[in-house]
Amino acid sequence: MLKTQEIYSSEDEDDMCCPLCMEEIDISDKNFKPCQCGYRVCRFCWHHIKEDLNGRCPACRRLYTEENVQWRPVTAEEWKMDLHRKNERKKREKERKEVELSNRKHLANIRVVQKNLAYVNGLSPKVANEENINVLKGPEYFGQYGKIIKIAINKKAAANSANGHVGVYITYQRKEDAARAIAAIDGSVSDGRHLRASYGTTKYCTSYLRNQQCPNPSCMYLHEPGDEVDSYTKEDLASLQHTRPLSTKPNVVNGATHSPSPSLPFKTPLLPVTKTPLEEANSSPAAQNQHITTVDHVHPQVSMTPSLSTNNTATSVPAPYSSAASVNVVPGHATTILHHEESSALPPTAAWAKLSPSVLQERLRAAVNQQPLDALKSSSTQTSIPKIQKLKAAKLPSEEENTTKWLNKAINDLVSSLSKINFSTEGTEFDKKQIEMIQNLPPLFVFNARSVIDKEVVPEQEKSAENQPPTSLGINNGNPVMPPPGFQS
């Protein structure tokens, strides 16, 4: 049992190295213990310490003596086990290298977007050549955007170009400098030629693909795995060149650089989408105090006309109550209407116009809903009963209904009644029939309904005084009538 335990079979101990020379301890040294503390070193280091140094154990500082050395010869079984372990280790190492090599084989066809590499195409061969490399690095050209590590001319593109355009790869020290250069150069004109700039792509180094050390210290190819989202195949790049440019152009807004997602194969705009003037007006604090109405068409046509006129081909947009006009919107045109609070244009004496619409509506309802007098039953006033019933049946505007539309309807009724009267400049007086028609017209503003009813249904004994003129302004047949607004009685 003791012999089995002493057999050196631990995999961790197989990889044990000498703590002094850091060399792998051979199988013949694994059973060698030069000190009683158990601190193991190879026999070469033990002999060097004993002969050339102080001869003490590096761990416990005891003197190395021949009597304290513990050593056991290696058996044939241990040799076989050690040989089998070495073969297995070599086999695993070979498989690991093959897996890495197979994983890197497909990388030979991959191109990775390099964020510090700018590719400029469209330069003149007189400028972009091997003799002017130092000039291109200077502040007059690409050096003004940042420190340049290397400039390489794409000779293959120059040879295949029919227009003689040359492409140049500029490797900057910082990614921000490359983004600034691309944003400034792309779309510019140099020597009558339009320049195009974008991020450049690079490939993996052949030594890296073979899992070898690269012998070129200034190699500009990749020696480590690139970002997957920035990787493209040759077929992808070829198809994108025939459709739309690769999204390798940065977005620079207000000095900040935003790199577009390489997974999107299309360019993104350099500048942010600006708001339209109408959107800016809506977002501004001043626009919160205005009511904006828009109709999506082409040309604006706004006509400010009095609210008394109507048109079947126009849509009336009522103005606020403080305004004395409405807006007619003609269909087929775009209209942007800003309703501002306007001061009244009426004289100060017209205090009735300053009343709110609700007060006017309440007065009109009270005037219409009043019951007629007993004199309405008289046979001589039967002709006025339909007029009073018509006045009662008149539809008054509700609280939500627009007062302007109701006034338009009332004036239209007056105009239709006046159309029966013939006006002439030859005569100086109206005939009796025309005077009766004028007197039977209802008033435009009713503030004293009782006086109107008394005027319409006067008693029969006072009918004889109908044609007599009133004695004073505001007095008719002895019954008080409120004078028109803005006048003194």
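The backbone N, Cα and C atoms fix where each Cβ goes, glycine too.
The coiled coil annotation in Swiss-Prot covers 76-109 and is backed by sequence analysis.
Sequence annotations record features per position, and here Swiss-Prot assigns compositional bias 'Polar residues' to 246-261 (among others).
According to Swiss-Prot, the feature compositional bias 'Polar residues' maps to 466-479 (among others).
Mean pLDDT for the domain 'RRM' (116-198) in this predicted model: 85. Residues or ranges marked as domain 'RRM' in Swiss-Prot (evidence: sequence analysis): 116-198.
Feature annotation from Swiss-Prot assigns region 'Disordered' to 246-268 (among others).
Taken from Swiss-Prot, the feature region 'Disordered' covers 458-489 (among others).
The zinc finger annotation in Swiss-Prot covers 18-61 (among others) and rests on sequence analysis. Under DSSP, the residues of the zinc finger (18-61) split into helix, strand and coil as follows: 10 helix, 4 strand, 30 coil.
According to Swiss-Prot, the zinc finger annotation covers 199-226 (among others), on the basis of sequence analysis. Within its own chain, the zinc finger (199-226) is flanked in space by residues 97, 100-101, 104-105, 107-108, 110-115, 117-119, 150, 152, 169, 171, 178, 182, 232, 237, 248-250, which lie at least six positions past its ends and keep a Cβ under 8 Å from the stretch.
Taken residue by residue, the zinc finger (199-226) breaks down under DSSP into 4 helix, 6 strand, 18 coil. The DSSP breakdown of the domain 'RRM' (116-198), given as helix, strand and coil counts, is 29 helix, 29 strand, 25 coil.
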